[in-house]
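What TrEMBL says about this protein:
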- Glu447: active site (ACT_SITE)
- Gly224, Ser225, Pro226, Gly227, Thr228, Gly229, Lys230, Thr231: ATP binding site (BINDING)
- His446, His450, Asp522: Zn(2+) binding site (BINDING)
- 1-12: compositional bias 'Basic residues' (COMPBIAS)
- 635-653: compositional bias 'Basic and acidic residues' (COMPBIAS)
- 216-355: domain 'AAA+ ATPase' (DOMAIN)
- 1-23: region 'Disordered' (REGION)
- 628-653: region 'Disordered' (REGION)
- 31-49: transmembrane segment (TRANSMEM)
- 132-152: transmembrane segment (TRANSMEM)
Amino acid sequence: MDQNRHFQKNTSKKNENERNNFNMRPAGNRIGLLVLFLLGAFFIVMAMMNKETNVYPVISYSDFLTAVGQHQVSDVQIQDQKIILGTMRSANISDGAQSRFQTVIPYNDTSLMSFLEQNGVQVSGKATKPNVLAEVLDFLPLFIMLIFLFVFMRQMSMQNSRGMQFGRSRARLFDTNKKKVTFADVAGQEEAKKELSEIVDFLKNPKKYREIGAKIPGGVLLVGSPGTGKTLLARAVAGEANVSFLHISGSDFVEMFVGVGASRVRDLFEQGRKRAPAIIFIDELDAVGRARGAGFGGGHDEREQTLNQMLVEMDGFDGKEGVIVLAATNRPDVLDPALLRPGRFDRQVHVSLPDIKEREAILIVHAKKIKLDDDVDFKHFARATSGMSGADLSNMINEGALFAARKNKEKVSFTELEQARDKILMGVARESMVMPEKERVMTACHEAGHALPYYYLKNASPLHKVTIIPRGRALGLTVGLPKEDSYSHTKSWLEDQLVILFGGYAAESIVYGDTTTGTQNDIERATDIARRMVCEWGMSEDVGAVSYGREDEPIFMGKEIERRKGYSEESAQKIDRAVEKLLNEARKRTLKILTEHRDQLDKLTQALVEKETLDDKEVRELLGFKPSEALAENEAEKSAGLEGPHVDLRRRT
C-alpha cells in the first residue's frame, strides 16, 4: 500500500509537471510579445522626452546672432550648453508668428555670453536632472538580447527533455480505490476466475508458494472473442490483489521513430520491478506481438525490435520478483510462438461466450441499477440471447432503459427489453422508410418463404420473429433462435439452414415466377455454408473427408507471402460440383415445402402485409400449429409463479 501511495504521489507530481510544461510551451511567444511591448514603450518615451524641446520653431545659429545684434531678442535660456530657448521682443513679432524659438550652438562659442550682454539680452540657465529612465533604456538592447538568449536556451532544454521522455512508457497506474472491481462484479466465467484467483493468491500470499517450491506463471494470456470480458477480468484481478496495476495498450509501444518501442518496453518493465508486487496488463497484445516473418512493410522492423525487447524482458522474470504480466487478445493465432512458450505467456485463460446460466447472471448484474417492471423475466431473455457476449447483454439492458426513458416510463418493462434485443440482433428499425405497396407485398412474400420452412424442418431452430420493417440494409428479416446453447452443428442442421436461406428465393419463384435482388445475401450465405461443408467439414460424399480450407484463409504477412491454393484444378472442379449439388438439393426441398403449403404461404404473406411483424406465437396461431415447447414452458413457469430472478431486482419508488 505504501508503494502504491508513493507511486500515485509520484505519478501525480509527474502529471502536474507535464501540465506545467504544456502551459510553459507558449512562453516564448509571450516573452516575444513582451519584448515588442518594451520596444514600443521605449520609442514612445523617447518621443515624449523630445516633445518639449521640439514644440518651438528652430532657427539657425547665424539667424540667432543676427537677431541678437538687431536687438530683436529679449531673453534666452541655455540648456546643457547646447540648446538655446529664446523669446523675441514683442515689437518685432509679426501677426501669426510665435515669440518663442530655439536654436542649437554648433561649436564652443566663448564670446556668446559677452555678445548677449552687450545687446541687452537677459540670460538664464537650466540645470538638467539626470534621466534615470534614459540611462536604463540605454541598456534595453542588451536586455532584449539576454531575453532572447534565455528563451532559446529554455526551448532547447524543453526539446531535449521531451526527447528523453519520448521513450518513456505510457503505462497508467490503475487506481483500485477509486473504482474497485472484484470477481463478484464479473458474472459467469467461473473457470477463468478460478485460474486468475491463483495469481491473486500468489500476490497476496507468496510465502506459501515459495516454501513448497512452486513457481507462479510469469505471464497469463486472456484469450476470447470481443466483448467477453477480458479487460473486466483484468480490472477484477487488480481489485482483488490490491497491488500496483500498470495497464497499457499494445499500440502504445510502436511509433514512427526507430527504437522508441523497445525503449518503452524497457521502461514499462522497470516500473513494474520498482513497484513489485505488481501486475502489468497489456491490452490488445496482437498489436505488438504479431509473429515475426518476411519483414515486408515500413514499420515491420521497428515492431520486431519492440517484440524482441518484450521477449527479453519477460524471459528475465521469475516469481521472486513479484511481477506478473497479464495480457488480452482476440487474435491468438497471429501471436509469435516465442511469446507463448513456457516462461513467458505460459498460461492461457480462455474467456468464452456465456452459456444460458451465465447470461442470466450477467443480466442480473447489469440490471442492478435499473428500475424493472414486474413482467421482466431474465430466464426468458437468457434463453433468447444465445450467442450474445457480456458486452451485448450489457448493451441490451442499457438500450431497454433508453427505450423506456423515451416513452417517459418510470420502469423498464418486458416490451422495452424485447425491443432492445431485436435492435441488437436485427439492427435499427427504419420505420420512416416508405416502400411502394408492390414492393411491400413482395417483401412479405419473401420473408414468409423464409419463415414457413421453420415449421416443417426437424433440425431447424425455432422461429423467433419475422418482419417486413426495414432494419439496417435489409428490407425485411426472419430470425430464428436455438432452444439451447449449441457448440457444434450436425450435417442435418446445416442442410435445414440451406433450405431456410432459399425460402425467399423459392417463394418469389412460386408466386411471381421471377426473383428479385433481395435474394443476394441469402444466396451468398447459403453458398458459404455449402462450401465450408465441402472444404472444411467433410460433409460431401463426393469429395470425402478432406480439408480444402486453406484457400479461404486470409494471408498473414508474418507467415506467408502469397496465397497457396493447396489443391489441383481437378479437385477445385470436384469441390464446385459438390457445392452446387448441396445448393440444388436444398433449393428443391424448399420449393417442395412451399408448393405443398401454398395456402399457408399466402396467408402468412397477407398477415405480414397487415401487421408488418409477427413472432413465433402469432405465426403458430395464424397457421394452426401447436405452441412451441419453449413457449409452453414459459407459460407454465408464469402460472406457477416462477418468473425468474427479477423479483430481487425491482426498485420501488
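Along the chain as shown, residues are numbered 1 onward.
Cβ atoms here come from the backbone N, Cα and C positions, even for glycine.
Once Cβ contacts within 10 Å are tallied over all protein chains shown, the binding-site residues Lys230, His446, His450 are led by His446. Each residue in Ala328, Asn330, Val351, Ser389, Gly390, Ala391 lies on the same chain as Gly224, Ser225, Pro226, Gly227, Thr228, Gly229, Lys230, Thr231 and has a C-beta within 8 Å of the C-beta centroid of that ATP site, without being one of the site residues.
For the pair Gly229 (ATP binding site) and His446 (Zn(2+) binding site), the Cα-Cα distance reads 38 Å. Using CA atoms as reference points, the recorded positions His446, Glu447, His450, Asp522 were checked against Thr228 (ATP binding site), and the closest is Asp522. The Cα of Gly227 (ATP binding site) lies closest to that of Asp522, out of the recorded positions His446, Glu447, His450, Asp522. The Zn(2+) site is set by His446, His450, Asp522; from the centre of their CB atoms, other residues of the chain with a CB within 8 Å are Glu447, Gly449, Gly476, Thr478, Leu501, Phe502, Gly503, Gly504, Tyr505, Ala507, Gly518, Thr519. Sparsest Cβ environment among the binding-site residues Ser225, Thr228, Thr231 (other Cβ atoms counted within 10 Å): Ser225.
Counting Cβ atoms from all protein chains shown, Asp522 (Zn(2+) binding site) has 19 others lying within 10 Å of its own Cβ. Fewest other C-beta atoms within 10 Å: among the binding-site residues Gly224, Gly229, that description fits Gly224. For Gly227 (ATP binding site), other Cβ atoms within 10 Å of its Cβ number 17.
Per Cα geometry, Ser225 is the residue among the binding-site residues Gly224, Ser225, Thr231 nearest to His446 (Zn(2+) binding site). Here Pro226 (ATP binding site) comes close to Asn330, Ser389, Ala391: these same-chain residues lie at least six apart in sequence, with C-beta atoms under 8 angstroms from its C-beta. Distance between Cα atoms for Thr231 (ATP binding site) and Glu447 (active site): 40 Å, as a whole number.
Of all the Cβ atoms in the protein chains shown, 26 others lie within 10 Å of the Cβ of Glu447 (active site). For His450 (Zn(2+) binding site), the nearest neighbour among the listed binding-site residues (Gly224, Ser225, Lys230), judged by C-alpha distance, is Ser225. Cα to Cα, Lys230 (ATP binding site) and Asp522 (Zn(2+) binding site) are separated by 34 Å.
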